[in-house]
Structures are given as C-alpha cells and as structure tokens.
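Enquirer: Have a look at the structure that comes next, please.
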Amino acid sequence: MSLTVCTWNINSVRIRLPIVREVVERLKPDVLCLQETKCQDDKFPLNAIRDMGFEHIALNGQKGWHGVATFSRHPFVDIGRGEFCGKGDARHVSVTLGPEAGLGKPVTVHNFYVPAGGDVPDPELNPKFAHKLSFLDEVTAWPTLRADAADPDRHAVVVGDLNIAPLETDVWSHRQLLTVVSHTPVEVEKLGAFQASGPWVDVMRDMVPPAEKLFTWWSYRSPDPTVNDRGRRLDHVWASRSLAPRARAMTVLKEARSWQKPSDHVPVALTFG
DNA sequence: ATGGCTGATGAAATCAGA
C-alpha cells in the first residue's frame, strides 16, 4: 500500500483544467493539493475533477485570487480551514484520510498558500512583506498544526506554495537573491522556525541531496525558462517524523513548465509507502 | 538582469504574482 500526494500552484484552476488531466495521468496522485485556484467555491469545476477520479473535494476559495483546493481518491474523515492574520484570505485547507488510504494510520494533509510578500524586503516599508512574516509566525504557533505533528496515532503532511526558497541550492543564484523576496535571511529563518515547530521533515531534500539544485518555479518573464534555469524551490512537501522515513519516490514534473499555457510552478509528487 | 509575462476583473486599466 502507498499514498501519492501531489502539490501544485496552478495559477487559475479554470484556465488550466486541460493540463490538470495531464498531470493526473502522469503522476497518478491519490491526493492533489492546488494553490492559487483563483475561483470561488460555487464556480469550481467539480464535475471535471470528479471525472479524473477524485470523488472527494475540499475547497477554500475566494473571488479573483488566492484559493486552495484538495482532491482525493479516498474519503475524508475530517476537513479544516485555517485563517491567518485576520484578513479572510483563503490560504489553507486540510483533509484527514482514514487508515484505509494506505498508511496504516489516519493521515492529515495540510495545504498552504503562503503570501508572496511583494517586492521590497522590509516590513516597515512594505505591508505585503509584513503580512508574509506575520503569516509565518501565526502558522508556527498554530496549536492545530502542532497537535497534528505530535499525534502518535496519526501521520501528517504539510504541502504547498510556501513562497520561500530556504537553501542556497533552492535558487539559481544565492548571492543575487539574498535581497530578493523569497530568499531573504529573515524569511528563511521564519520558515525554519515553522519547520522546527513540528518538527517537520523536508522530504523533498531527503530525496534530492541539498548539494544539488532543485527548483519548482520559473518566472513567466523569461522568454524560455528552461534556457538559463533561473528557478527557485518555492513549493514544499514536509512530513511528520513518523511518516518521513516512508518516503519512497519523488517527481518534480519540470517538463510541465514547457507545456502550452503552463503555470509558473510545476507539480511535485511524493509517494509514501 | 530581474521583470521583458500572465491571469482576474470587468469591459480599459489596474492589481497581483515572486
């Protein structure tokens, strides 16, 4: 028995429905977590998702921007939606699957979309950056997440677009990105505190050694993002300590960045067995 | 050398992404 969890910032679920199908055929996820769905719940293309084999769907969307969604082949025993910084943003949804999903115990999958943080890496000058830092502080202290990580009767996973590339090899140029939002020391420190609050294991980096470059995002502004490979690892899969040793395989579907009408992020799939 | 692009909204230009 195994469980494959996939995370993908899709940058509009409606405009990219055709390649959702392609991603599902290639990665065969049991659980698919999307961010930046940009779709209110009552306009979500539920039937198309069900046709791909996901009978169980948990939404937390809003009009125009943000929004997360989690699809599953296995039923949910629980669904949760966190709200942070009192802004009413749709940036989190969690689902819990029973032991029959394949891991022997229930597993809770938290799907996050962390604020991007704007341009200027100074919380005094840039409210978006201040929001990003506050969001990280709140999720680090969130009792629900800490309880899930510590529960001996359950596995837990955190996935999503965390919008921070923590390691030097998570960006195309550590030196040049030190002052660019997504790789600044203050963000990396807060992401580290968030990770330590579980503690959560960065299973992508268990699968690909930290010495190797590993990216999940390439800017739309490059004419051909594959040419210079100026990417960043903004998307993450973390597992609770009981589950992390059971990571069996990972796929970063880099080729999806070159498909027609791509997202600027590519899907990441992790199989636990 | 990051921003030259992309998407949502709403019907043109602006905001946001990161």
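Heads up, the Cβ atoms here are built off N, Cα and C, so glycines get one too.
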Enquirer: Do you know which of A:Glu36, A:Glu138, A:Glu187, A:Glu189 TrEMBL groups with A:Asn9, A:Asp161, A:Asn163, A:Asp264, A:His265 in the Mg(2+) site?
Expert: A:Glu36
Enquirer: Across the domain 'Endonuclease/exonuclease/phosphatase' (A:6-265), what does the pLDDT come to on average, as a whole number?
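Expert: Value for the domain 'Endonuclease/exonuclease/phosphatase' (A:6-265), mean pLDDT as a whole number: 97.
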Enquirer: Write down the Cα-Cα distance for A:Asp235 (site 'Important for catalytic activity') and A:Glu36 (Mg(2+) binding site), rounded and given in Å.
Expert: 12
Enquirer: Can you tell which of A:Glu36, A:Asp161, A:Asp235, A:Asp264 has the least company, meaning the fewest other C-beta atoms within 10 angstroms of its C-beta, among these recorded positions?
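Expert: Selected from the recorded positions A:Glu36, A:Asp161, A:Asp235, A:Asp264 on minimum Cβ neighbours within 10 Å: A:Asp264.
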